[in-house]
Amino acid sequence: MSYLFNNYKRDNIEFVDANQNELIDKDNNVYLDFSSGIGVTNLGFNMEIYQAVYNQLNLIWHSPNLYLSSIQEEVAQKLIGQRDYLAFFCNSGTEANEAAIKLARKATGKSEIIAFKKSFHGRTYGAMSATGQKKITDQFGPVVPGFKFAIFNDFNSFKSLTSNNTAAVIIEIIQGESGVLPADPLFMKQLNEYCKQKDILIIVDEVQTGIGRTGKLYAHEHYQLSPDIITLAKGLGNGLPIGAMLGKKNLGHAFGYGSHGTTFGGNRLSLAAANQTLSIINDADLLNDVQSKGQFLIENLRKSLVNKRNVIEVRGVGLMVGIEVTNDPSQVVREAKRMGLIILTAGKNVIRLLPPLTITKKQLEKGIEILTEII
């Protein structure tokens, strides 16, 4: 008997321990992790982060946002660098997107936001309403009004939906949940230029793509894009719950006293994890290594799977990789688990790989070998 709602399709396995890039179940079986807890433990189970959280645990766990927090300032500075942003901390990606939606509407005085079909931005009401998947929004009654949905990578589709009441566009640089679908560079260039011309805010959802996942701190850096608002979570706390919304300083007037808030946002334990995570990831050598390992993974998967009739395409950026297949990918996930490899699905027919950024070449080779055997 379970005391939990049945809203997750749980596998009959429980992980009780971990060692860097490996997971250990209650029967002491060891698994190579190509999921990072769905893009969360980007640095694996890292002892430096453990020590940072432990040190904070010995000081103060929580204090309300009615008082100063030097660790919030420190993490914000690491996220912002030389960019002209301000930061708001929350607990998750969906909360970061809720904050972005509120900021965009209040700052512009406009209500319409353009999102994209097949997108995913979260499951709370505002973020769910911005999600372009009916399976996410069905059966929950009326969604938040004001959202329109364009075809991803189709500039004319986007442009046709804009109006004088368009506050913002919200976009994932790579549509992760729908199949690891990267944005087209020309499309992003056209969208960026048009939005700047029309004073439409650009919200980039970096919840899954941010914090080094693609070999840049932020995936939008691959496109020379300067978003008005950035949302973050997942890898930011390397396993501890935290989200963040970064907004351009010229939007700061819209979030004055009492305009938005959260009880647990900026929690000191989560910030301690984020602080150490960013200290490690904000390193050019590490990020270059992610790009190199991502290229190695994609190229070798393409070579190994070239004669597999059920493989349509291998695609991705950095260590965010999708293998599109003709059959049900959940079969591959089950077989991979049996052989000691933890992987994910995305969309209807994509195997999603999100290994830790600290994955070794030898571990990548092992994963490729297993996938080649079972696909």
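Counting begins at 1 with the first residue displayed.
Cβ from N, Cα, C; glycine included.
Per Swiss-Prot, pyridoxal 5'-phosphate binding site is recorded for G93, T94, F120, D205, E206, V207, Q208, T263. Annotation for T94 (pyridoxal 5'-phosphate binding site): spatial neighbours H121, G122, R123, T124, A127, M128, G243, criterion Cβ-Cβ under 8 Å with sequence separation of six or more. T94 (pyridoxal 5'-phosphate binding site) falls within a helix when secondary structure is assigned with DSSP.
The N(2)-acetyl-L-ornithine binding site annotation in Swiss-Prot covers R123, T262 and is backed by sequence analysis. The Cβ of R123 (N(2)-acetyl-L-ornithine binding site) has 15 neighbouring Cβ atoms from other residues within 10 Å, across all protein chains displayed. Secondary structure at R123 (N(2)-acetyl-L-ornithine binding site), as computed by DSSP, is coil.
Among the features that Swiss-Prot reports, N6-(pyridoxal phosphate)lysine is placed at K234, with the record citing sequence analysis. The secondary structure of K234 (N6-(pyridoxal phosphate)lysine), as reduced to three states from DSSP, is helical. On its own chain, K234 (N6-(pyridoxal phosphate)lysine) has I38, G39, V40, N42, G93, V207, Q208, G210, I211 as residues at least 6 apart in sequence with a Cβ closer than 8 Å to its own Cβ.
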Sequence-distant neighbours of T262 (N(2)-acetyl-L-ornithine binding site) in its chain (C-beta under 8 A, six or more apart): N65, F89, C90, N91, E95
Long-range Cβ environment of D205 (pyridoxal 5'-phosphate binding site), under 8 Å and at least 6 residues apart: G93, N97, A100, S119, H121, I170, I171, E172, T231
Distant-in-sequence Cβ neighbours of T263 (pyridoxal 5'-phosphate binding site), under 8 Å, six or more positions away: P64
